[in-house]
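For B:Lys205, the entry in TrEMBL reads active site, proton donor. The NADP(+) binding site feature in TrEMBL is assigned to B:Leu10, B:Gly11, B:Leu12, B:Gly13, B:Thr14, B:Val15, B:Gly16, B:Gly17. Among the features that TrEMBL reports, NADPH binding site is placed at B:Lys105. The L-homoserine binding site annotation in TrEMBL covers B:Glu190. Per TrEMBL, domain 'ACT' is recorded for B:350-424.
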2 protein chains.
Amino acid sequence: MNKPIRIALLGLGTVGGGVYKLLSMRAQEMPQIAGAPIEISHILVRNANKERPGVDAALLTDNWQDIVSDPEVSIVVELMGGMEPAHTYISEALAAGKNVVTANKDLMAVHGGELLDLAEQHHCDLQFEAAVAGAIPIIRPLKQCLAGNEISEIMGIVNGTTNYILTRMTQDGMEFDDALAMATELGYAEADPTADIEGYDAGRKMAIMASIAFHSRVTFEQVYTEGITNIHATDIRYAKEMGKAIKLLGVACNTPEGIEVRVHPMLIPDSHPLATVNDAFNAVFVHGDALDDAMFMGRGAGEMPTASAVTGDIIDTARNLLMGCTGRIGCTCYKELPVKAIDDIKSKYFIRLRVEDRPGVLAGVSGVLGNNGVSISQVIQKASKGGSSDLVVITDTVRERHIRDALTILRSMSMVRDIASVIRVY
Amino acid sequence: MNKPIRIALLGLGTVGGGVYKLLSMRAQEMPQIAGAPIEISHILVRNANKERPGVDAALLTDNWQDIVSDPEVSIVVELMGGMEPAHTYISEALAAGKNVVTANKDLMAVHGGELLDLAEQHHCDLQFEAAVAGAIPIIRPLKQCLAGNEISEIMGIVNGTTNYILTRMTQDGMEFDDALAMATELGYAEADPTADIEGYDAGRKMAIMASIAFHSRVTFEQVYTEGITNIHATDIRYAKEMGKAIKLLGVACNTPEGIEVRVHPMLIPDSHPLATVNDAFNAVFVHGDALDDAMFMGRGAGEMPTASAVTGDIIDTARNLLMGCTGRIGCTCYKELPVKAIDDIKSKYFIRLRVEDRPGVLAGVSGVLGNNGVSISQVIQKASKGGSSDLVVITDTVRERHIRDALTILRSMSMVRDIASVIRVY
């Protein structure tokens, strides 16, 4: 039998705990699964003296030097999250010739290129399947199974918290605040939910996937993000009337003018496979020139689903170690494509206005849209209380800057009491 | 730059033509995608003199010895299908130390174990992503990304022809024969559709997936198969009334008593992700202990989707060649689990009977079911013409042999004119 492969876990929170548990569950079979036993030799924690039931206390350390200077450690598994000290530790591990597995999307979405270069210099693996969409295999499929494709589009529901909130708003008619409170109570939302509800978390995942799919580095700062805090139950009801669902979608397209990459709420037809992805589930939809359409669905977060992805990477790295081929697949960004500004992107829009309830209003609104080159594809007008109507318009495809100009004029008109919502339409 | 990797294609039919086309489309980028140019040096065809527009005639040969004895050929890509001569060619290629990529499910479902052993002996890759579910990445995800899981269940719509036929029957109310004729006309069904409509094709794919998922060799002969030729538009209508869809499903479960693996029509709830997979699309649903639920959807057949999977395998093998690590992942069957007989499997059943239209019939039928330990969960009874009624029953979970006993008695009763359909229920 091959001698054990020694790994160090950095962090023992939800994900770290899950990986510890899963490796223990599979320990007996690991020689057959990975080719050698996989032994955790260190666990880096902030407080090595805190009691942790079920965890071998002898493995705990609060000293990174114990790990990086131990020549027996061949895989460092970073599960602390955030930028520092994760960035430093991963860089030092790679520089010391250690392979790295990480679930850190924040870090990979900003410093992915630099870290992958460092891994390549030292012939090390840097694997990060768990950084995008939890348990769903997507990094490896994009880098390997679909490598023969020119991928033109990726669309994803890649944040479980917001998908849970929108599902409650859709299925139970809840308003955003109540659905968020429920998500928090059930542990789907963190104490500070900003990164989720503002679309930053999804934006990081889209940066990582766009980089791989289009072979060109995209960083988080280049992703346009818009969250779901302005979505109302009313919008969802009108969308439903029009045969559509509202989802927080990440969209990445490779166009002849450059890469589009953005996260925002979007109306999609009820018949689209992503429309049926509910609750905390994630899904990634991919279009490639040979592949045509494919979709990958599963759990995007949580202790054991994330541990599934991390453990898959550990096993793959172990196999590479045993075959002497670590660094087998490094950075796949060999192009330098421009990223388009959001103003240059074209979309259809759902616009919900509260207007005066009198004749001529529809003509006035549609006139302003028409003058700005925005044509209308669908309209619903409904009287509501207090002498005002709801006017809901879905436009044809229009450039982002034109819709903004039209909205500015509409906002100044006396017949328009309020522009309640502006949401993109697939 | 690395020197070109030379490959030979065996077969230039639909899939072979697609791979030729896709490799030509990607030729310029291949050094960056795979690490080296990939050059087709031979194409084995039955008639090397036939004119083939768009294909370099100098590559064509009808002599297998040209290929297997050429030390420059490092990857043999078998796209002929069927058992012979594919079996002999793949064996000889591996014995000569050549890596093999194949899309051949017939062969892998029967001789997969033997061929993977041979590949291992010669430190070669034997990759077969295209053998299951066309473009959908499923072999590599199961072997690598999900390797940390104990997988307990795989359910799949893995035959596009039958899914297309059932979709037409469901959406347009067509009968089987008409839907099959339409599928044939559109090129979704072959001239001899037996392997598709009888479930053999799906059975081969389930044997391959079950072997990988449960780490224990399952061959095609061990898969229980039942096709869709007995499904009627009436069954689909009643299923719809009960909130269910009828799909041809492959099911593989790892139970404490052994592996269950079977292909048959099945009623699944409209809310199940597989229920929304229509037309010629395929999908594979996987449950693992860490992963929870995941689903992979995409094109299960066709020239370019299959070429996508084959090309992914060629690129992966090329990377292994360049890193000197071919044979990196071989056979993953390290257990020897028994496969259960269909008689021992438990299911719920949808039973549609034509019965005499008189009082006491429901009591009579449910009495027979009850005496055989079959309890009823749902009933629909509708008068139809000629003094007979449709009686549709969904049972609770029952062992296969008990339902057979009950059906034998029902068939002998005078009040039962006909047992029109017996279909399993998820």
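Cβ coordinates are placed from backbone N, Cα and C, and glycine is handled just like the others.
Per-class residue totals from DSSP over the domain 'ACT' (B:350-424), listed helix then strand then coil: 24 helix, 34 strand, 17 coil.
When each of the binding-site residues B:Leu12, B:Val15, B:Gly17, B:Glu190 is scored by how many other Cβ atoms sit within 10 Å of its Cβ, B:Glu190 comes out lowest. Nearest Cα neighbour of B:Gly13 (NADP(+) binding site) among the listed recorded positions (B:Lys105, B:Glu190, B:Lys205): B:Glu190.
A distance of 18 Å separates the Cα atom of B:Gly11 (NADP(+) binding site) from that of B:Glu190 (L-homoserine binding site).
Between the C-alpha atoms of B:Thr14 (NADP(+) binding site) and B:Lys205 (active site, proton donor), the distance comes to 19 Å. The binding-site residues under consideration are B:Gly11, B:Gly13, B:Gly16. Their Cβ neighbour counts within 10 Å are lowest for B:Gly13.
Same-chain neighbours of the NADP(+) site beyond B:Leu10, B:Gly11, B:Leu12, B:Gly13, B:Thr14, B:Val15, B:Gly16, B:Gly17, judged by a C-beta within 8 angstroms of the site's C-beta center, are, in sequence order, B:Leu9, B:Gly18, B:Val19, B:Tyr20, B:Leu79, B:Met80. Within the same chain, residues at least 6 positions away in sequence whose Cβ sits under 8 Å from that of the residue listed as 'active site, proton donor' are B:Lys105, B:Ala109, B:Ala131, B:Val132, B:Ala133, B:Gly156, B:Val158, B:Asn159, B:Gly250. Sequence-distant neighbours of B:Leu10 (NADP(+) binding site) (same chain, six or more apart, CB under 8 Å from its CB) are B:Gly16, B:Leu44, B:Trp64, B:Ile67, B:Val76, B:Val77, B:Glu78, B:Leu79, B:Met80, B:Ala86, B:Tyr89, listed in sequence order. In this structure, the CA atom of B:Gly17 (NADP(+) binding site) is 18 Å away from the CA atom of B:Glu190 (L-homoserine binding site).
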